[in-house]
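**Q** This is the structure, below, for whatever I ask next.
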Amino acid sequence: MANHRAQLAPPSGRRRSLSDPLAAALLPPPNESPEQRDRRLRAEEEAKKRSDHIDRMIKENEKERRRKKIVKVLLLGQSESGKSTTLKQFQLLHTPAAFHAERIAWRFVIYLNLVRSIRRILEAISPEPETAPGLDDYDDMDYLEPAAIIISSNGRPSSAVAGASVPGYDSYRRQLAPLRDLEQRLIQQLSDPEDNESRQAIRLPCPPYNGHGHSPSLSVPSSARLTGDAARPLPRISIPPGSSVSGGTHGASSSPVALSPGHEIAVHSTSNWRKAFALGRNQSPKSAHGGELQGWWEDPHDPVHVLNRCAPVMIDLWRDPKVRQRLAEKRLRLEESSGFYLDEIERVTAKMYFPTDDDVLKARLKTNGVVEHTFSLPKTSEYRGVEWKIYDVGGARPQRQAWAPYFDDVNAIIFLAPISAFDQVLAEDPRVNRLEDSFELWKLVVSNPLLSTVNIILFLNKCDLLKKKLENGVRLNQHMPSYKDRPNDYDSVSKYFRLKFGAMHHTFTPNKSRECYIHLTSVTDTRKTQTIISNGKWFRDAP
Ligand SMILES: Nc1nc2c(ncn2[C@@H]2O[C@H](COP(=O)(O)OP(=O)(O)OP(=O)(O)O)[C@@H](O)[C@H]2O)c(=O)[nH]1
Ligand SMILES: [Mg+2]
């Protein structure tokens, strides 16, 4: 650029070759007067000044571009390992205003989580045989709430244990019947929010997955490897379809939940979904005019009214010792999935309920595809100027084929292994133990040659649940015989997992000098997680 401009404004008097047509065109006119010559020289000087200024700006921009690093972080791990929750922690830490502005958008997701937990309890206490499926029925059951499937000591999913009806079942079922319709409405609203793009909500068939008991390989398809972003699938968020309700057992409905199992409801990108609900689907006249907080509680059709009316019965159901006993017999631990809100029914179903940060962190919405989140660190940060791109992927098996296209263009991977899940099986394949699946995935990631120079950070997650589980007497060696007769306390077990995952990295990494940063985490714990995120050495060292 600089050379080209200098040619356009040459110092006068320099000899030029007349064979060069450009030089010939720039020659002063043959009978130029002294005034014309002065004007021409002044114009040439001005042009050179402008040209030099542009050159300086180009150089500055180039310097700035080089200074401004883009760090790409990929969140990996099986479904329900805590990837989206970790992304939420990044958002809360670095873009708190945006996170807070979006909190209201999570209201319907939280309602749906609560309603589904109630439905799972009703199914568990029901005497009907279809609520106690056998192992063979699991082939097509990716719609089950995943963490609900616990392996009992006889090796069968515990929810397969049948039982007689719990006293009061009929009354609970009758009084909570409005929640069935509400569940359908919530799913319909979440999959069809009132904004243009989300109107395109579509029903996606699950991509084929043909393996039982084996993880698919994480190789990059050749088409994807070549083309970078263009080969990446569109980001989507999916709402796991309902089980018996969505299977259509409660009559025909135009709702998208009336899908056969194995199909997912998807809406375009998180931002559209959040935007649609942040605006409020049911605004009261007051909010529409005054720009005040939406007064959804004034809208008689808002879901909060059904929930509010059913709240006392929901509380009774959850507190009923007979119900708790049945859940224990079936080893259904709702607190390990979306059951968190069961302890908060009164607050969550209040008419003016506004989700807290914690509620949003614990809200469960399955990710389908890959969601990208970009943020720059604040000017005061020592990492100012660094732009972070975090990719949150769907972790269920049919989703994993979407990971590989991101491998050749990433700086760091945060891999989440939920170590509390040693007695659980995958929702998408109940023949596979969740911990085994995490080991398998970890091995595939750390051994992948495309990732050999990528920083690897391992979050051994759900330590809070692990602690509780061990304290409740669940023994690791019953599910993982290699643990032998080591002590079954939290310190020993967590240390064992740390060593085991660390040793696997050491054995399988193609880059023996790579350091692997391992953290024991509970990513729903904001204080601890944010300390790890901001102090992590891996964060400073990101290439
Ligand atoms: N108690 C507890 N719950 C957690 C922890 N990490 C995640 N969860 C909860 O587990 C559920 C699943 O977490 P997500 O972050 O949605 O899981 P994910 O890995 O994104 O799952 P997919 O999107 O299906 O791949 C959510 O309800 C979280 O609140 C944890 O450390 N402790
Ligand atoms: Mg997710």
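Every residue, even glycine, has its Cβ placed from backbone N, Cα and C.
Under the heading region 'Disordered', TrEMBL lists 1-62, 190-259. Summarising the annotation, TrEMBL assigns compositional bias 'Basic and acidic residues' to 34-62. Per TrEMBL, compositional bias 'Polar residues' is recorded for 216-225. Among the features that TrEMBL reports, compositional bias 'Low complexity' is placed at 237-247. The GTP binding site feature in TrEMBL is assigned to L361, K362, A363, R364, L365, K366, T367, N461, K462, C463, D464. Taken from TrEMBL, the feature Mg(2+) binding site covers T367.
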**Q** By DSSP, how many residues in the compositional bias 'Basic and acidic residues' (34-62) are helix, how many strand, and how many coil?
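**A** Split into helix, strand and coil, the compositional bias 'Basic and acidic residues' (34-62) gives 29 helix, 0 strand, 0 coil.
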**Q** Go through the binding-site residues L361, A363, L365, T367, K462, D464 and pull out the ones with a Cβ less than 6 angstroms from some atom of ligand 2.
**A** T367
**Q** Determine the minimum-neighbour residue: among L361, A363, L365, listed as binding-site residues, which Cβ has the fewest other Cβ atoms within 10 angstroms?
**A** L365
**Q** For D464 (GTP binding site), just give me the three-state DSSP call.
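**A** The residue in question, D464 (GTP binding site), is helix (DSSP, three-state).
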**Q** On the three-state reduction of DSSP, what should I expect for L365 (GTP binding site)?
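**A** Assignment for L365 (GTP binding site) reads coil.
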**Q** For the binding-site residues T367, K462, D464, which one has its C-beta crowded by the most other C-beta atoms within 10 angstroms?
**A** K462
**Q** When you look at L361, K362, A363, R364, L365, K366, T367, N461, K462, C463, D464, which the record names as binding GTP, what is the longest CA to CA distance in angstrom?
**A** 23
